[in-house]
Amino acid sequence: MVPLRSFVLLNSLFLVLLAARTVVTRVIDKDNSDRIVKTQNDQNLSKVPFNLEETYTADFLAYVFNGTWTSDTTIVYTDRRTGDILQFDVIKQRSTLIVDSSVMDAYIVSNYVLSPKGRYLLIGYDLKKGYRYSTFMRYVIYDIEHRAYHKIGNDMHIALAKWAPLTDDLIYILDNDIYYMRFSNNGFNDVQRVTYDGISGIVYNGVPDWVYEEEVLQDSSAIWFSPDGNHLAYASFDDRNVQEILYLHYGEPGNLDDQYPTEVKIKYPKVGTLNPVVSLTLVDLHDPTLNKIDLKAPHYAVGTDNLLYNVQWKDFDHVVVTWSNRVQNKTEIVWYNMYGEIVKTLHVVEHKGWLDIKHLFFYKGSVYIRKLQPSGTKAGRFHHVTRYDETFKQSPTQMDLTPDAIEVQNICTIDQSNGRIYYLASGLGKPSQKNLYSVPADGSEKPTCISCNVLTPEGNVCTYADAIFSPLGQYYVLVCHGPDPAFVSIFNNAHQKVYSWENNLSLRKKLAKRHLPLVKDLDVRANGYESKVRLFLPHNFDESKSYPMLVNVYAGPNTLKIIDAASYGHQVYMTTNRSVIYAYIDGRGSSNKGSKMLFSIYRKLGTVEVEDQITVTRQLQEMFPWIDSKRTGVWGWSYGGFSTAMILAKDTSFVFKCGIAIAPVSSWIYYDSIYTERFMGFPTPEDNLSGYNETDVSRRVEDIRGKKFMLIHGSGDDNVHYQQSLALAKALEKADVMFEQITYTDEAHALFGVLPHLYHTMDRFWSDCFSLSHAH
């Protein structure tokens, strides 16, 4: 389950791998301006509020980095205006044309990727959406040298196509089987079939099934090349014993082809039911027989009902795999050699919650992972960069390289030549921040914040950053997402800015003509914990007036609503156009605040995080007379929809007058096994059945009586099934509790196809609840 923002935009991901080419067709100078364009006197501009339609489209969405490092000094990217593929030289600071967009004119292109040697262009077209990350496309290969096209996979829809590193060889997956396509100097050579047991919707090779795609890999790929491209590790998922979810697809109104609804069946493991059986295989791509070796899971450590969490290559000869037990509180990290033998292991256990082991890094005989470590504070443990000696004795020594009450969110890279680790972490006491830090790999110095010295074009300190490093770490792209609109710069490893990639000047000019909400951050102590609160106030806020307040909730475990990335979604419309205070509250269970707060939600979803939303809102009403306690509402999507329904059910003192739950979980017995069991365990009397019953909204509908409640769901939701809302609706109807319900026919979890209707529907609901004039 992944949090949804207030608006969603589908962008094609152009994953471009290209070695430097010597043939230059033309040279293009990128605009390297740092300027902020001012329109005469910005202070005297006539400003207007945001329109609702602007907040769920891309009107105020910032451009970020649209390239891929292909060497330590070159980036390949797509020109947003022309569609041409260009290569940018960081040292020369100029771009050269690699492929003209006209080569794709014959296709409705969704994706294109250059081969590592730069001779071939893989073009994906005729896209069909899969699940959250997966797509199916037809593919054609364009030979740049001979200007010829070659269709692959018999022009069938292919689930995945990927170039091997360093070569012009290709892996593609058709009907859940893996194919290896070789190329030689003379062009296309031959295709070898790697697997033969794939069954559509049942047995998957090289691509994940639904639950692994959504909850574990968060990707459409389950193949991992060795650094030289000679070997391939691939995962297989056997869903034969996994039960199916079934829903109906109703089709286009009035279309004779849709006279009868179509059944949609998906293998979907719910809590306590059988999971897919996962296996991992290693294949030598340069062996004519494609010899395969099983990389067996360490059953002694993680049991037979285990999960495959991460696969990576340490070097040419070793695969490092992270396995977990089913409830994800025991992890075994295993080093395999090319014979499938276990060389070494690292065992990690979490006794008070769940594990969140991510990518590993290696440097001079040590391995570096992100692991919970004591902070020396009452907040408990935080995820830190932890170094292990790779010899791994019985009790391997570990060293915390980032001690303090800050949360390391991601390790970016290790600069092998200088022995420095780069990572992203929150600020001290600032869970909403994400900054780029570095620390020596030997721990000889304290960490240094790199992005804390970077200023936005408006002159503010960057407080929310991402970084993309070149292969050897000599340069990096820094994307500053906040507090101001995003801007993108290239730095060298001495942290000197060498180039401005994107300043979003047009977005900044548009924002100069819009009213923006005032932002108020505060800490509120509730239920023995400090909750973070962010209030968005109307631009013309007057303390002597009384305003309605709308709380937008998610509250899922290990998530945040309050981050310092700039966004211009629903909150800017409600504040500037409707004069409604908009609130985010991060209470117990939220991330970046230490293990005590994080794990307080463990095995009891729908309890403490919901109580904090209610208690903090009540305290805000008592603290500030300008918050109208008679006009306070709440809404959320997905887990936030669950939180909304549970808030209304538990709010016996009527802190909230109304709420909207979009695509909510109503009972965790209906949700998928991997996500739910991570936080709740099993729904059995021996384990945590009482916890599941306690968090079932349908058992609490009587306490929703007297509040305005709207329930919204798409009937084609493959993630949080329509069954969830129907179960809640049935309970409300049986109890004779009045509510409103909107069903979006055939729409999936994100409701992409009906966003205008969705937001106009919500706007009318808030107008009624808050006694506002109807805007639409």
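Cβ coordinates come from backbone N, Cα and C, glycine included.
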Swiss-Prot annotation, disulfide partner of Cys462 among Cys449, Cys452, Cys480: Cys480
Disulphide partner cysteine [Swiss-Prot] for Cys452, chosen from Cys412, Cys449: Cys449
Sparsest-packed of the listed disulfide-bonded residues (Cys452, Cys462) - C-beta count within 10 angstroms: Cys452
Cα separation, His749 (active site, charge relay system) to Cys452 (disulfide bond) (Å, whole number): 37
Ser638 (active site, charge relay system) and Cys449 (disulfide bond), Cα-Cα, nearest whole angstrom: 35
Residue among recorded positions Asn66, Asn504, Asn688, Cys769 with Cα closest to the Cα of Cys480 (disulfide bond): Asn504
Fewest other Cβ within 10 angstroms of its own Cβ, chosen from the disulfide-bonded residues Cys449, Cys480, Cys658, Cys769: Cys449
Position of peak Cβ density within 10 Å, selected from the recorded positions Asn504, Asn577, Ser638, Asn688, Asn693: Ser638
Three-state secondary structure, which DSSP defines for Asn577 (N-linked glycosylation site): coil
When distances run from the Cα of Asn504 (N-linked glycosylation site) to each of the recorded positions Asn66, Asn329, Asn693, Asp717, Cys769, the nearest one: Asn66
Asn66, Asn329, Asp717, His749, Cys769 filtered to the recorded positions whose C-alpha is within 10 Å of Ser638 (active site, charge relay system): His749
